[in-house]
Amino acid sequence: MWIVAGVCSGVAILLSFYLIYKHLRNYTNPELQKYIVRILIMVPIYSVDSWLSLRFVELSLYFDVVRDTYEAYVLYCFFSLIVAYIERDFDLVELLHSKEPLPHPFPLTCLPKIKLDRGFLTNCKRFVLQFVFIKPIVAIISLVLETQHKYGEGKFQVGTGYVWLTVVENISVGLSLYFLVLYYKAMEEELKPFKPLGKFLCIKSILFFSFWQSIAISFLVYFGVISPIGSWSVDNISSALQDFITCVEMVILAICHHFFFNYQEFRDPHKVPFIYDKTTKTFFNNPKTNITPIIKNFFTNVTNISDVISDTRETFILPLLSPDHHHNHPTTKKKDEESNLLEPEDKDIII
């Protein structure tokens, strides 16, 4: 089984590395492509992690911490990608202020409509970003509980850590996806040229399948469908089964990435690729097409997580230190004053 999984992982990694190379070779829009490359890296990470977990099943929980952490990071990268796409052509806050209040999607249509302003954007960032922290924390707690034999993977019993951590993770990812959908609905018209739906389904599919696969396998364990075989315990078999399925799925996802995250839209004969200068934190045109700038772009721009730190500071730390931070922001203050002057008072539409 692990040999078949290894072949699938190898194919998925080769397909992904080729697409990553092509994006870095045609790095004409760094602000978008850095997020795209980060998303594409998900396939190699998942493939290697799942194969290692399958090959060394006793250590699978340790390997999964890396995979779970990157899974949450990819969701944040997709949100940042569609924000960056809008900011390329519009002042995002001004655009939000020009729109009508947004109704909640079904089945929450009974809730008050959402006023679109900087506060809405901050809330979207906050709820997407919280998953980036909750997911690895849940993974680490799972690891600690497993070492104490209190995790009980696949056991739907109140006394096991598995049940409670699954609930916490489900709530966290649900909120993250919900606010991602809210932003998408608010910007649906402006995002149409970017064709975000296929890209979003690529991201959501891995979150959906990885989570519900584990739940489905846990039910199989609970009802006795999966039983011990030789030296392999039920936990070993259920973990190996999920890792094997993931290795196969990565081939499909890597192929989908070639359609939905294609580099061709960034291939412009009238533009030369950019290269990132870490010292000045700016991009400059790079007339060369050798491997050096490709490596440089990857290690100095794609792997630079300063945007995560900045968003964390903006959405979590500053509001705690200064509750009036949002209202004191110059753009927000100006827009709020304009809204008070130009818009009729309607308390039901603000949340």
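Placement of Cβ uses the backbone N, Cα and C atoms for every residue, glycine included.
Predicted, not measured: the structure shown is a model, and the values here were computed from it.
Marked as transmembrane segment by Swiss-Prot on the basis of sequence analysis: 1-21 (among others). Away from its own ends, the transmembrane segment (1-21) comes close to residues 37, 40-41, 43-44, 47-48, 50-51, 54-55, 240, 243-244, 247-248, 250-251, 253-255, 257-258, 261-263, 294, 298 of its chain (Cβ-Cβ under 8 Å, at least six residues beyond either end).
Annotation source Swiss-Prot lists N-linked glycosylation site at N26 (among others), citing sequence analysis. DSSP assigns N26 (N-linked glycosylation site) to coil in the three-state reduction, placing it in neither a helix nor a strand.
Look at Swiss-Prot and you will find 39-59 (among others) tagged as transmembrane segment.
Feature annotation from Swiss-Prot assigns transmembrane segment to 73-93 (among others); the stated evidence is sequence analysis. Beyond the ends of the transmembrane segment (73-93), by six or more residues, the same chain brings 29, 31-32, 35-36, 38-39, 42, 117-118, 121, 124-125, 128-129, 131-132, 173, 176-177, 180, 183-184, 187, 190-191, 194, 196, 199-200, 203, 206-207, 307-308, 311, 331-332, 335 to within a C-beta distance below 8 angstroms of the stretch.
Swiss-Prot lists 127-147 (among others) with the feature transmembrane segment, giving sequence analysis as the kind of evidence.
Residues annotated as transmembrane segment in Swiss-Prot: 162-182 (among others). Residues 72, 75, 78-79, 102, 104-105, 114, 120, 123-124, 126-128, 130-131, 134-135, 138, 141-142, 145, 151-156, 200, 204, 207, 211, 215, 218 of the same chain sit 6 or more residues outside the transmembrane segment (162-182) yet have a Cβ under 8 Å from a Cβ within it.
Per Swiss-Prot, the feature transmembrane segment maps to 206-226 (among others). Sequence-distant neighbours of the transmembrane segment (206-226) (same chain, 6+ residues past either end, Cβ-Cβ under 8 Å): 42, 46, 71, 74-75, 153-156, 162, 166, 169-170, 173, 177, 234, 237-238, 241-242, 245-246, 249, 253.
Residues or ranges marked as N-linked glycosylation site in Swiss-Prot: N236 (among others). Non-local contacts of N236 (N-linked glycosylation site) by the CB criterion (under 8 A, 6+ apart in sequence, same chain) comprise V57, E58.
If you look up Swiss-Prot, you'll see 241-261 (among others) marked as transmembrane segment. Counting only same-chain residues 6+ beyond the ends of the transmembrane segment (241-261), those with a CB under 8 A from a CB of the stretch are 1-2, 4-6, 8-9, 11-13, 15-16, 19, 23, 36, 39-40, 43, 46-47, 50-51, 53-54, 57, 60, 195, 198-199, 201-202, 205-206, 209-210, 213-214, 217, 226.
The N-linked glycosylation site annotation in Swiss-Prot covers N301 (among others).
The local packing around N304 (N-linked glycosylation site), expressed as other Cβ atoms within 10 Å of its Cβ over all shown chains, amounts to 14. For the recorded site, N304 (N-linked glycosylation site), the DSSP three-state label reads coil. Annotation comment: Swiss-Prot describes N304 (among others) as N-linked glycosylation site.
Taken from Swiss-Prot, the feature region 'Disordered' applies to 327-351.
Per Swiss-Prot, compositional bias 'Acidic residues' is recorded for 339-351.
Between the glycosylation sites N26, N301, N301 has the most other Cβ atoms inside 10 Å of its own Cβ, all protein chains included. Within its own chain, the transmembrane segment (127-147) has Cβ neighbours under 8 Å at 61-62, 64-65, 68-69, 71-73, 75-76, 79, 153, 161-162, 165, 168-169, 172-173, 175-176, 178-180, 308, 311-312, 315-316, counting only residues six or more beyond its boundaries. The two recorded residues, N301 (N-linked glycosylation site) and N26 (N-linked glycosylation site), have Cα atoms 14 Å apart. For the recorded site, N236 (N-linked glycosylation site), the DSSP three-state label reads helix.
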